[in-house]
Amino acid sequence: MAEHTEETNLLQPTSRFQLLKDILGLYPAIDGEKHKSTLGTAGWLRAGVLGANDAIVSVAASNSQGQVLIAALAALFAGALSMAVGEYVSVASQKDMEDADLEKERWELENNPEGELEELSLLYQERGVDPVTATEVARQLMAKDALQAHAIEELGIRDFSQARPFAAGMVSFAMFITFGCIPLLVGAWIPYRWYAIGAITGVSLILLAISGAVGAFFGGANMLLGAFRVTYGGALAMAITIGVGFLSETLNISDMSYRDE
């Protein structure tokens, strides 16, 4: 009977704050295991994987040799710059929206602190916390860092200063150039067309698998599934791109030229 009572007590929260932690899922590590969130790596990881995959697919599908090699090299740098600028604009836009939300929240905290306290308390109550406990916890969190408390619970912004547009753009550019050079060099050193196509395709599929596995590893996901997903998607994109290229060659689109005035 004593053992049953002790076990029951262990399952009960020791304080109202502990109750809130249980409801929010803030459990301690089990058996000394340290849990590390992978959310902080999402920005640069996405930029790197996108840059690498786009480079592999774009360059591998170019089937470059001779003069086409020069065009592929130009396309490599054009694609890298395009990826870098696109990633920069995307992350910068996200950061601007987050900054605007934080500035609005900062103004509300300065001009209506009691209203913000009630708002935070209601958020906890909606998740199952009783009003007294919710108000107590909201008050304690706001006393420590009111802006952070509201940013996390109300705006869903957990990583302050994590959005780095310039860094994301540079990572995307570097990964595009690095991974794009590999199939480009393979195509440059093999003079026979079909051998080159086979070699470029094989190397590109391997690179796609590596890219997917590495991305899954840093993201804490299944590496095999990540490798398969990226390889399958990249192979499909390459097949479509090469198919369009062969269709263009069949229709002699490359022989078309602008007329002189």
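Cβ coordinates come from backbone N, Cα and C, glycine included.
Swiss-Prot has this to say about the protein:
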type     : residues                               : note
BINDING  : Glu105, Glu116, Glu119                 : Fe cation 2 binding site
BINDING  : Glu105, Glu108, Glu116, Glu119, Glu154 : Fe cation 1 binding site
BINDING  : Glu108, Glu116, Glu119                 : Fe cation 3 binding site
TRANSMEM : 66-86                                  : transmembrane segment
TRANSMEM : 170-190                                : transmembrane segment
TRANSMEM : 197-217                                : transmembrane segment
TRANSMEM : 233-253                                : transmembrane segment
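Overlay of Swiss-Prot annotations on the structure.
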{"residue": "Glu105", "record": "Fe cation 2 binding site", "Cβ contacts under 8 Å, 6 or more apart": "Leu147, His150, Ala151, Glu154, Leu155"}
{"residue": "Glu108", "record": "Fe cation 1 binding site", "Cβ contacts under 8 Å, 6 or more apart": "Gly115, Glu116"}
{"residue": "Glu119", "record": "Fe cation 2 binding site", "Cβ contacts under 8 Å, 6 or more apart": "His150, Glu154"}
Among Glu116, Glu154, the most crowded of the binding-site residues [Cβ within 10 Å]: Glu116
Sorted by sequence, non-Glu108, Glu116, Glu119 residues with Cβ within 8 Å of centre, Fe cation 3: Glu105, Leu109, Asn112, Pro113, Gly115, Leu117, Glu118, Leu120, His150, Glu154
Three-state secondary structure, which DSSP defines for Glu119 (Fe cation 2 binding site): helix
Three-class DSSP secondary structure - Glu154 (Fe cation 1 binding site): helix
Cβ-centroid neighbourhood (8 Å) of the Fe cation 2 site, Glu105, Glu116, Glu119 excluded: Glu108, Leu109, Asn112, Gly115, Leu117, Leu120, Ala146, His150, Glu154
